[in-house]
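Only one structure is covered here, and it is reproduced in the block below.
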Amino acid sequence: MTGNARITCEEDRSTGNPRWSSNKPICQLPTCPRPTIPRNALIDFPRKMPKNFNYNQRVLLKCMYGYVKTTLGILACRGPSWIGGISCRPKSCGSPSEVANGRILGYLYTFKQRVTYACDEGYQIRGPLYRQCQANGKWGGDDPSCDVVNCGPLQRPDHGDIIQQVGTTFGNRIVFDCTGKGYEIRGSKVRTCQSDGSWSGLPTTCELVKCDDPGTPVNGMRIVSKGLVYGGSLRFKCNRDYTLMKGMSEIIYCQANKRWTASVPYCLAPCRDPGVPRQGSRIGDDFRHDSKVIFSCPNDYLMEGVGEIRCSNGTWSNSVPTCKAPCVKLSRPANGYMSGDFRHGSQVRFVCYYRYQRIGAASSTCNDGTWSNSAPICKGICGRPRVSSRVHVHGNSFLDGDEVQFSCIANYDLFGSQRSRCVGQRWNTGIPECKARCIFGGDPDNGFAVRNAFSDRMVKHGLQIVYRCNEQYTLIGSATQRCNNGRWTNSRPSCKAPCRDPGVPRQGSRIGDDFRHGSKVTFTCRDDYNMEGVREISCSNGAWSNRLLVPSSPNQLMDTCVEISDMEVKLDLYAFMGIRGFGAASSTCNDGTWSNSAPICKGICGRPRVSSRVHVHGNSFLDGDEVQFSCIANYDLFGSQRSRCVGQRWNTGIPECKEDPGAASSTCNDGTWSNSAPICKAPCSDPGVPRNGTRGGDRFLSEDSVSFECHKGFEPKGDETITCVDGVWKGTTPRCEVIKCEDPGTPQNGRKKKGSRYTYNGVVKFMCDTNYTLSGKRRIKCQENKEWTGSIPKCQAPCSHPGQPKHGRIFGDNLKHNSTLKIECNTGYVVKGSTAIRCTDGKWNTIVPTCSCGDGIPLGMGNGYILDDAITSSSETQQNPAHLGRLGSNSYWCSDVESISHLEISLPKKQRITGAVVDVVNGQHIKGFALLAESGNIWDNLSLEAFKSSAKVNLTSEKEVDADKVRIHMSRHRNKESQVCLRAEVYGCDVD
């Protein structure tokens with residue numbers, strides 16, 4: 001269909017006529033465009049492709065070569081699309097054949113697909129690496145195979161060997177080792193055949209071991225022989241005037257363990273010319289190390305310093321001495337003597353005779369011709385004047401010609417000479433005295449002192465005072481006083497007052513009208529009257545001896561004369577502590593009858609001590625009495641209501657009265673309230689809860705109490721319990737302060753780390769100073785009981801370096817507490833003592849061990865250190881002289897046919913001999929060997945060894961001998977004379 005499938009009849013707006021909205025459609029058979037050819041397919045018909053295909057027209061399809069059709073292969077035009085088609089899949093070649101010791105990579109086996117072959121590790125492929133599926137359905141190429149990898153043979157290294165080998169194919173390994181002494185493997189010791197056909201590791205060689213370059217001594221040089229490898233040696237020489245350090249080897253050898261036989265020696269420096277002391281001389285002009293020079297001084301000159309000094313590595317052991325000149329002889333001081341020498345450094349002492357004093361130095365020292373002090377003089381001694389403590393002596397020198405003055409202390413006066421001079425060891429005047437003044441005691445009461453003899457309060461020694469009394473007053477005592485060295489000769493007198501007129505008793509009379517002090521008056525009564533009181537009274541300083549007879553006024557007299565029938569007797573009662581009289585205090589005798597009976601005494605308890613709110617009912621508080629208690633209004637009694645006095649104590653406790661708030665209600669009854677208004681006590685405010693604490697109690701009414709408790713680690717500061725009293729708390733809410741521990745201190749040679757806290761659960765950390773070791777707790781904590789969890793630790797001190805042992809060395813540089821250093825001796829020396837030392841708090845646990853001579857080292861026969869002319873013998877052959885008898889060489893020394901022969905070796909320096917080794921040729925007639933050493937021109941037998949037909953004989957020294965020469969004696973069997981040849985080496989070590 002071409003056009004719209006639906007049209008509509010509508011009005012033409014221009015003409016108003018009806019019309020169709022569009023033309024009617026046209027129906028035609030549909031056509032198809034050229035079809036799309038599927039992948040891997042071709043058009044089989046038609047041969048030519050038109051531009052368009054008519055409806056129901058067909059196209060035949062076929063698959064390309066190598067592909068297989070799976071459908072009919074026809075396309076039909078159904079305008080405008082095609083129906084039908086074709087599907088072409090690639091041909092299959094099937095699974096490829098497997099390969100032994102290999103695998104196939106790839107899982108698609110159709111046309112154009114390719115598979116790859118891979119061999120297992122250790123195998124390599126032979127043939128094509130891959131095969132491809134072809135259009136005919138077969139795999140292209142031949143089948144490959146996997147053959148094992150072969151790495152091929154390896155050559156054995158020079159001076160080495162193959163010690164393990166199975167094969168040369170993959171996985172096999174070859175192990176090498178060096179067989180020559182002093183050789184080591186370079187490269188790989190073990191090599192394995194790898195999957196790529198190569199051997200693992202590096203090529204293997206055996207090369208001589210190499211010793212580290214030990215260096216060259218400062219101020220010295222070295223000669224290298226055979227290099228720095230095994231068997232090589234270094235000979236050291238020092239520069240001109242420098243000396244090889246004693247005890248160190250001049251030649252060192254590289255050993256199989258890659259170590260030198262000894263360390264590089266030191267070249268010790270010479271010293272500068274020390275000069276010659278002034279006025280002295282010197283013996284010796286060799287200033288090299290260990291050389292010495294000797295100094296001397298002329299007669300009477302004293303050498304100050306050391307007379308012999310030795311050079312030690314550029315430094316003299318001491319300074320050059322000086323020659324100090326003697327001094328001119330001093331004159332003896334008059335009145336004294338002196339003792340001592342007059343050479344330099346000597347001291348002359350001066351001594352004065354008895355009772356003479358030295359003026360000047362007590363001694364004088366000679367210092368290079370000059371005296372330090374001149375001779376003193378001796379003066380006669382008077383000595384300090386012997387005066388009392390009250391005399392002042394003015395002057396500090398008490399020798400011949402000296403003068404002193406005297407004065408007195410305060411309130412003392414001088415009696416005697418005021419000056420004195422020392423003449424001929426005596427004072428030319430007598431010693432004065434200081435007499436004390438007397439203190440004037442003042443005028444006596446009612447009297448006075450005559451003051452024409454003194455004017456001050458202090459009265460001089462020897463003066464006299466006269467006293468007088470006022471009119472009618474009587475002087476008692478001496479009328480004069482004399483001052484005698486601070487004391488009055490007698491006491492000051494007193495002036496006694498007269499008495500008043502005593503009057504005359506009623507019904508009586510008086511005898512006497514003198515009323516001055518000391519006077520008496522006598523009283524009498526009329527007949528039939530009896531005197532009550534004292535009959536006679538005396539005047540004493542204005543008072544009569546019995547005042548009962550003294551009238552209260554001159555016109556009033558007391559009734560002292562009574563009739564006999566009225567006589568009364570009174571008894572006094574004494575109140576003792578806690579005891580009170582009970583009954584009449586007195587009783588009167590009336591015509592033979594007492595007016596009262598005797599009283600009794602009871603124990604006193606006293607009034608009970610109660611608060612102001614408690615009433616005590618009862619007025620008697622003696623033994624057996626009882627009291628009752630009650631409270632004031634609005635208070636209630638708490639405690640016992642009664643108490644009895646028993647044995648001067650109340651038999652119950654004292655009660656308390658607490659306030660009664662009153663009734664909660666009151667009823668009006670005929671104008672009267674049944675109860676009074678109650679008392680309302682105010683509550684208290686919330687006291688709060690202390691920070692870091694808790695509170696017990698939530699009631700805050702009057703009389704209520706609350707308690708407080710602090711959290712763990714805190715302690716209260718204040719009241720732990722407070723009580724509410726009418727709106728006010730009695731007590732204060734406490735503070736909870738954190739618990740603190742005291743400063744634990746700081747360890748010696750240590751410190752506390754920053755951030756240390758002394759509060760509860762606070763931690764203090766300790767650390768030690770550099771090189772000190774901490775022993776103990778590194779940290780401690782503050783506990784609730786204010787104690788630390790431990791004591792402060794100790795900082796253990798490091799040790800100082802013990803120094804390198806002679807003929808050895810120390811391994812290790814840790815010198816801290818508990819560290820260990822190991823000691824190793826040079827070849828030929830053995831450790832004497834422990835091979836390790838441990839540092840314990842600044843001290844080594846044992847003395848530092850030393851290296852003593854052990855088996856020793858070769859002394860130079862084999863390495864040429866012993867020169868040819870130092871080797872002699874008792875006899876020798878022309879072809880085999882003595883110097884050829886070196887062990888390690890290819891030659892021998894041969895003796896003649898004498899029965900006893902010896903080989904003598906002169907050593908370059910004195911050595912401690914430990915033994916020798918002898919290699920014998922033609923020794924069937926030898927009986928034995930002896931090793932001798934010369935020490936002090938005496939040959940000492942060190943070892944005897946019978947010969948047992950072995951080529952080599954070891955002669956071990958049985959004692960330690962320091963020698964310059966060594967002999968090896970050989971003896972033959974009797975009657976066996978034949979030529980014997982040998983070569984030898986001597987062993988020993990340096991003399992300490």
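Including glycine, each Cβ sits where the backbone N, Cα and C put it.
So that you can see what the record holds, here are the features copied from TrEMBL:
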- C119-C146: disulfide bond (DISULFID)
- C211-C254: disulfide bond (DISULFID)
- C768-C795: disulfide bond (DISULFID)
- 91-148: domain 'Sushi' (DOMAIN)
- 149-208: domain 'Sushi' (DOMAIN)
- 209-267: domain 'Sushi' (DOMAIN)
- 269-325: domain 'Sushi' (DOMAIN)
- 328-380: domain 'Sushi' (DOMAIN)
- 436-497: domain 'Sushi' (DOMAIN)
- 500-563: domain 'Sushi' (DOMAIN)
- 603-659: domain 'Sushi' (DOMAIN)
- 682-738: domain 'Sushi' (DOMAIN)
- 739-797: domain 'Sushi' (DOMAIN)
- 798-853: domain 'Sushi' (DOMAIN)
- 853-989: domain 'F5/8 type C' (DOMAIN)
- 1-22: region 'Disordered' (REGION)
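Structure with TrEMBL features highlighted.
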residue: C119; record: disulfide bond; Cβ contacts under 8 Å, 6 or more apart: V99, N101, G102, I125, C146
residue: C211; record: disulfide bond; Cβ contacts under 8 Å, 6 or more apart: L228, V229, Y230, G232, C254, Q255, K258, R259, W260
residue: C768; record: disulfide bond; Cβ contacts under 8 Å, 6 or more apart: P747, N749, G750, L774, C795, Q796
Among the disulfide-bonded residues C146, C795, the one whose Cβ has the most other Cβ atoms within 10 Å is C795
All chains considered, the count of other Cβ atoms within 10 Å of the Cβ of C254 (disulfide bond) is 25
Do you know the mean pLDDT across the domain 'Sushi' (149-208)? 91
Is the domain 'Sushi' (209-267) close to the domain 'F5/8 type C' (853-989), in the sense of at least 3 CB pairs under 8 angstroms with a sequence gap of 6 or more? yes
Counting by DSSP secondary structure, give me helix, strand and coil numbers for the domain 'Sushi' (798-853). 0 helix, 25 strand, 31 coil
